[in-house]
Structures are given as C-alpha cells and as structure tokens.
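Residues or ranges marked as S-adenosyl-L-methionine binding site by TrEMBL: 126, 127, 128, 129, 130, 149, 192. What TrEMBL records for 192, 193, 194, 195 is substrate binding site. Here TrEMBL flags 10-78 as domain 'Release factor glutamine methyltransferase N-terminal'. The feature domain 'Methyltransferase' is assigned by TrEMBL to 124-247.
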C-alpha cells in the first residue's frame, strides 16, 4: 500500500487543485488538510513526515471531491474568518467577504468619534451570519446591536455566532424584512445588502453563483433595489443626525448619492472608496 505523508498529500492536492483551476491551490490544500487532520496550518510543516491513516485519507478525499465541484472552502469547513474573528457559516448564509471589513471599520471609527456619547443602538439590516453586528459588539464593548434578516436559518447561524463570541447580552437577532422589526430609533444603521444586478448573477464565479444563496446576492434589475429601499426608509428609523452606512457595488456610487439626495432627508452624503480606489460605502447622515 502506498504511503502518504502530510508533505506528499499536500503537494499532490496542490497540483490537483491547479488542474481544476482553483484560484489559490496551495492555500486551499493547506486549509482543507489542516481541517481534516484537526491541525493548525503551521503543524502541517512541523509534522510533514507524519503518515496519514487509511481513514484520514478517506475523509480528506471526500473534502477534495467537494472542493473540486467548486463548493466554497468556508462551507466545507463551516468557518469563515472576518475581522480577525471566526464565524460559523453554512449554505443558508452569504460568506463574509474581506472587503466588507471596510464597512465595519468605518462604523467603528464613526462610533469612536462620538465618544463619550456612545450611540445606544446600531441596527444591522440583512445581518446574515451576523459577522458585521458581532464584530461591532466585539470591538465596541459599550454598544447594543440588533441584527435583522428575513431568513430564519440565517438568524439561527447569527445567534450561534453571538453565543460563540459571548456577545448575546448586547447582540439581538430578529427575523423580519428590512426595518420592520425595529421598535426604537437607531443611532446608526449599517447594511451589506444584495447589490449585484440580476443580469450579472449568472456571470459570477461558479463558487458563488452555484453555492451561495441567490437572495443574498441579487439586487434586482439595476442592483439598487435594496439599496434604494434602505435609503428611502432609514430616515424614519434613525434618530436626528443618525448615520446610514451601506456597502455598494464598485460602480454604484453616483447613483447611490442621487438616491440619497432625492430623499431630501440627508446631509453629509458621501462615498467611501476601498483600497483599490473603487466605490464601496455610502455614508449619509440624517437631518
């Protein structure tokens, strides 16, 4: 019987993933092998001559087969890092993206600028797995966050993540549409809504279009359906001088600004760009 060490298995998997056009073949091989063997990635190298058992090889082969069908790594492992925290995810929630960390950072900076008058309530609309809401609660120990999502399955995942990060005393998750469950006015409303135009969904990477929930991606005909609803309704749910922060698509800045201006209920409307210089966040303050 052929002997498979960690080193040999890692090299073989890297080459296999290259043939299947994976974007990060070596990294993905590391993550899956470490997950399968319940090791840290660094331990793959400190134990590189360790021989895998038949059972370990069998389990790892199943993971490789799942990834070769373009199932996202985060769904296979059930974990996605975000803001230096780990979040449970499954097929019912969108996988948190690194670019959304910019949205959280802007909210944190906005709240810190108000100290010692710490906002009493922040609402995260379309919370998904709760990554934004929980990150805010984790890094800002004095704030209360309400996360709202139309998916009961997503809310279950968010609640599990809140328990894992021990913020259930300040993070509440509610099933509902947009602002419907919000019973008090918020100081800040934050959202990463669906903003991809419907016609663009089928052009996305297989890992995304075939696996992640379409309702968390599809922003309607022009990608602005939910962004427009948020901009229109947020002033009724924000306190005076309240902040609205929405993640948007790279080419939606000018349209989002116009939507906000047309409401005549905001001032200090501006677009914050990401590290690539592309539109990323609409920031608007109510009158």
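Backbone N, Cα and C define each Cβ position, glycine as well.
TrEMBL does not curate its annotations; it predicts them automatically.
Known features from TrEMBL, placed on the structure.
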residue: 126; record: S-adenosyl-L-methionine binding site; DSSP class: coil
residue: 149; record: S-adenosyl-L-methionine binding site; DSSP class: strand
residue: 192; record: S-adenosyl-L-methionine binding site; DSSP class: coil
Proximal residue to residue 126 (S-adenosyl-L-methionine binding site) among binding-site residues 193, 194, 195 (C-alpha distance): 193
Neighbour-count leader, CB within 10 A, binding-site residues: 128, 130, 193, 194: 130
Cβ within 8 Å of the mean position of the Cβ atoms of 126, 127, 128, 129, 130, 149, 192: remaining residues of the chain near S-adenosyl-L-methionine: 93, 94, 124, 131, 132, 133, 147, 154, 158
Neighbour-count leader, CB within 10 A, binding-site residues: 127, 192: 127
CB-centroid shell, 8 A cutoff, substrate site 192, 193, 194, 195, site residues removed: 126, 191, 196, 216, 217, 219, 226, 227, 246, 247, 248
Average model confidence [pLDDT] within the domain 'Release factor glutamine methyltransferase N-terminal' (10-78): 96
Rounded distance in angstrom between the Cα atoms of residue 129 (S-adenosyl-L-methionine binding site) and residue 193 (substrate binding site): 13
Protein Cβ atoms within 10 Å of residue 129 (S-adenosyl-L-methionine binding site), excluding its own: 28
Cα-to-Cα gap, residue 193 (substrate binding site) vs residue 127 (S-adenosyl-L-methionine binding site), nearest whole Å: 9
Close in space, distant in sequence - residue 149 (S-adenosyl-L-methionine binding site), Cβ under 8 Å, 6 or more apart: 126, 127, 128, 155, 158, 173, 175, 176
Which same-chain residues, if any, lie at least 6 apart from residue 195 (substrate binding site) yet have Cβ under 8 Å of it: 219, 223, 224, 226, 227, 247, 248, 249, 252
Helix, strand and coil residues within the domain 'Release factor glutamine methyltransferase N-terminal' (10-78) as assigned by DSSP: 47 helix, 1 strand, 21 coil
Integer Cα-Cα distance in angstrom, residue 130 (S-adenosyl-L-methionine binding site) to residue 194 (substrate binding site): 15
